[in-house]
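Colleague: I have a structure here, written as structure tokens, and I will follow up with some questions on it.
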Amino acid sequence: MADIWTDYGVPGAIIVAQILALMVPILVSVAFLVYAERKVLGLMQLRQGPNMVGPWGILQSFADALKMIGKETIIPAGANRIIFLAAPMLTMMLALAAWAVIPFGEGLVISDINVGILYLLAISSQGVYGIIMAGWASNSKYAFLGGLRSAAQMVSYEVSIGLVIITVLLCVGSLNLSDVVEAQKTVWFAIPLLPMFVIFFISALAETNRAPFDLPEGESELVGGFHTEYSGMAFGLFFLGEYANMILMSAMTSVLFLGGWLPPLDVAPLNWVPGPIWFILKICFCLFLFVWVRATVPRYRYDQLMRLGWKVFLPFSLVWVILTAGVLVTFDWLPK
């Protein structure tokens, strides 16, 4: 860290400030996302949800976090101590690292690299390692089964996500996420690529281990899944990582299909609203869909999950990629 100040001086300080300015709001937004999820679930189930800590219960998540920090991290007998403790840290670190290439507005991105989508795919595919490490190092059959399920599930649906992204790239001609947003000035990709938008969102549910695809932590079958043996802040890091990944996948959905920071129509007064506000509103919409699905759709069986990924999404995505490429070539619509 000292070399940063020596070699780069003020630019080094700016880099650190940018990282903190991104990480702190994400961590705080996780707390409010948990509160919002519990409130929405309460309304859907005809009850109040959190309502005691702070006005309207808005401080409930912070109270839960303080309680969790005070809990002891118990390491099971026979567990691999180093890997057991490294797994939640790896999961949380990867969930935050992926945000480096997400554009919040025009020019508002930490690293505007030309291979931003490849970077996101690479980072998101590493997330399975933290879960496998947790399952194996816990020395528990329930945690191990949860880790195996997660590995199969995430690998299966990353294939579909990759094919969906290829379809978007065919329409854009660039791997830069800012270019993807700029290409949607005329029409959001969610309209012409509606089936791929649906596949991407459902695959995002599976990628983040959210209902109805929360089999790696299926409480009715595996106690708590891969984090059965975790407690205290080690469990808290897994919890933070899961919700940070939810926000990340919502941001990716917004960038790839909902026009990122662009307004629905480029007319007044919609274009008076700053781009980052539109981006945050679209993320909130996607997060509401996450919660809505959790409240209304029952958990899939494992064979149904695999069948959906390999026998439905994979062939359909392949056909749609070929169809999109054919239409672009036939009508000479390939991006220049």
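Cβ atoms here come from the backbone N, Cα and C positions, even for glycine.
So Swiss-Prot says this about it:
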| type | residues | note |
| --- | --- | --- |
| TRANSMEM | 14-34 | transmembrane segment |
| TRANSMEM | 82-102 | transmembrane segment |
| TRANSMEM | 115-135 | transmembrane segment |
| TRANSMEM | 161-181 | transmembrane segment |
| TRANSMEM | 186-206 | transmembrane segment |
| TRANSMEM | 247-267 | transmembrane segment |
| TRANSMEM | 273-293 | transmembrane segment |
| TRANSMEM | 312-332 | transmembrane segment |
Colleague: Using a cut-off of under 8 Å between C-beta atoms, tell me which stretch among 82-102, 115-135, 186-206, 247-267 contacts the transmembrane segment (312-332) the most.
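Modeller: Top-ranked stretch among 82-102, 115-135, 186-206, 247-267: 186-206.
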Colleague: Can you say which of 14-34, 161-181, 186-206 has the most Cβ pairs under 8 Å with the transmembrane segment (82-102)?
Modeller: 14-34
Colleague: Near the transmembrane segment (186-206), which same-chain residues lie under 8 Å Cβ to Cβ, leaving out any that are not at least 6 residues past its ends?
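Modeller: Distal contacts: 153-154, 156-158, 160-161, 164, 167-168, 171, 212-213, 249-250, 252-253, 256-259, 262, 264, 286, 289-290, 293, 305, 309, 313, 316-317, 320, 324.
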